[in-house]
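Peer 1: Structure below; questions to follow.
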Amino acid sequence: MNAPTKDQSLRNLQKGGELCGKVKVPGDKSISHRALLFGAIAKGKTLIEGLLPAEDPLSTAECLRSMGVKISPIKKGDIIEIEGVGLNGLQEPQDILNCGNSGTTMRLIMGLLAGQKDHHFILTGDKSLRNRPMKRVGQPLKMMGAKVFGRCGGNLAPLSIIGNKLRGAVIGTPVASAQIKSAILLAALNAEGSTTVIEPARSRDHSERMLKAFGANLEVGGEMGRHITVSPGKDLKGQSIIVPGDISSAAFWLIAGSIIPGSELVVENVGLNPTRTGILDVLEEMEANINVINKRDVAGEPVGDIEVFYKENLKPFKIDGEIMPRLVDEIPILSVGACFCNGISQIKGASELRVKETDRLAVMARQLKRMGASVDEHQDGLTIYGGKSLEGCELDSEDDHRIAMSLAIASIMANSNSTLRRSEAAAISYPDFWSDLKRLQQKN
């Protein structure tokens, strides 16, 4: 099953076979980035257990090392040790900081560097990242006094940042984005006076939880916690962090277990932060057979195991802008799930997906149509007509990790075998995806 051909990026995908067993998804990508960044600017030692050893967090770690932060080698199963340098201890790097494919790395580091006075930094990334919008972060940072420059009026990398004296501000973000919010909060740690971020809707709150744990003077208020205020002056102190499993990675197994006949899965150690559990709400709307068990609290984050069993006659669903911040990364695999619902599913308010690693709305529509699905693409979403069988064919992840894994699940439900180009993209967030899929798949 799933053996790569001589071209390692081209993978053969076999149809059929239920998925059965237990799977532990890798550490949460969002939390992994933040643990590295906050540990770097804390005083003292930070220990991280369960850090995601995938390409995106590795990019963050390498950028921090280039600025003088000592981080132990990142290997699966190892506890990672960081020697923090304090809020103003980052060194001016001798070379360009390469963020790879990671938008989170670039955007959060922009906030981190904005207040490193008189230091000069240049950030770049791969072709995909160099075409993703950065002014949405640079503009609010400029309101605090940051000096940020880049291509296309500061919107595209490479970016040049000259550390400057920052001042606190009240900043309303145009979209509910944890990346924008977190960049501002990082900059606020080095500003004169308090900074308040006001979001149009609540986004994932890992930064707030973790900054509090590190000792930052941070308050959350306003309707639904949309106002976040940081007052500078307190040093961060190194912590011991345990990273739970990533619910965005778990989503592939939750949908697969729901749509593939005969499947029975337990996804273990999944982070259940309420700002991330929109996927569970949609599965409930689909009337999928899932149960959350062994609920517990780990290092300030709710965690549990999720059982999922195949169920016939899944209901179609509707997703709008209100829930979107809680499941934005799960839209590709939910699009696959919609193909096997009895009726028409609608996804709206998802225009943010057009500026991810790829234009995920266009790519999912294109690839699912190639398989014979009935999909209408709109400016801010998709309409998917369920109940139509899928055909095996030549598929392409277009270098997007979430697309690669979503198409892998879709291919199991096709009526003939498929191939997937650029399958290695899965390693961006889930290095063991293909081996886990092979282990879980039971051939008839």
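The backbone N, Cα and C atoms fix where each Cβ goes, and this holds for glycine too.
Under the heading active site, proton acceptor, Swiss-Prot lists Asp329. Taken from Swiss-Prot, the feature 3-phosphoshikimate binding site covers Lys29, Ser30, Arg34, Ser177, Gln179, Asp329, Lys356. Annotation comment: Swiss-Prot describes Lys29, Gly103, Arg132, Gln179, Arg360, Arg402 as phosphoenolpyruvate binding site.
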Peer 1: Count, for each of the binding-site residues Arg132, Arg360, the other C-beta atoms lying within 10 angstroms of its own C-beta, and report the residue with the smallest count.
Peer 2: Arg132
Peer 1: Quick one, of the binding-site residues Arg34, Lys356, which Cβ has the fewest other Cβ within 10 Å?
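Peer 2: Minimum Cβ neighbour count within 10 Å, taken over the binding-site residues Arg34, Lys356, occurs at Lys356.
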Peer 1: Just to confirm: which same-chain residues, 6+ apart in sequence, have a Cβ under 8 Å from the Cβ of Ser30 (3-phosphoshikimate binding site)?
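Peer 2: Those within reach of Ser30 (3-phosphoshikimate binding site), by Cβ under 8 Å and sequence separation of 6 or more, are Thr104, Ala178, Arg204, His206, Asp246.
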Peer 1: Between Gln179, Arg402, which of the binding-site residues has its C-beta surrounded by the fewest other C-beta atoms within 10 Å?
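Peer 2: Taking Gln179, Arg402 as the binding-site residues, the minimal 10 Å Cβ count falls on Gln179.
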Peer 1: Counting other Cβ atoms within 10 Å of each residue's Cβ, which of the recorded positions Lys29, Ser177, Asp329 comes out lowest?
Peer 2: Ser177
Peer 1: To see if you understand the setup: which same-chain residues, six or more apart in sequence, place their Cβ under 8 Å from that of Gly103 (phosphoenolpyruvate binding site)?
Peer 2: Leu129, Arg132, Gln179, Lys356, Glu357
Peer 1: Of the recorded positions Lys29, Arg34, Ser177, Asp329, which one sits closest to Arg360 (phosphoenolpyruvate binding site) when you measure Cα to Cα?
Peer 2: Asp329
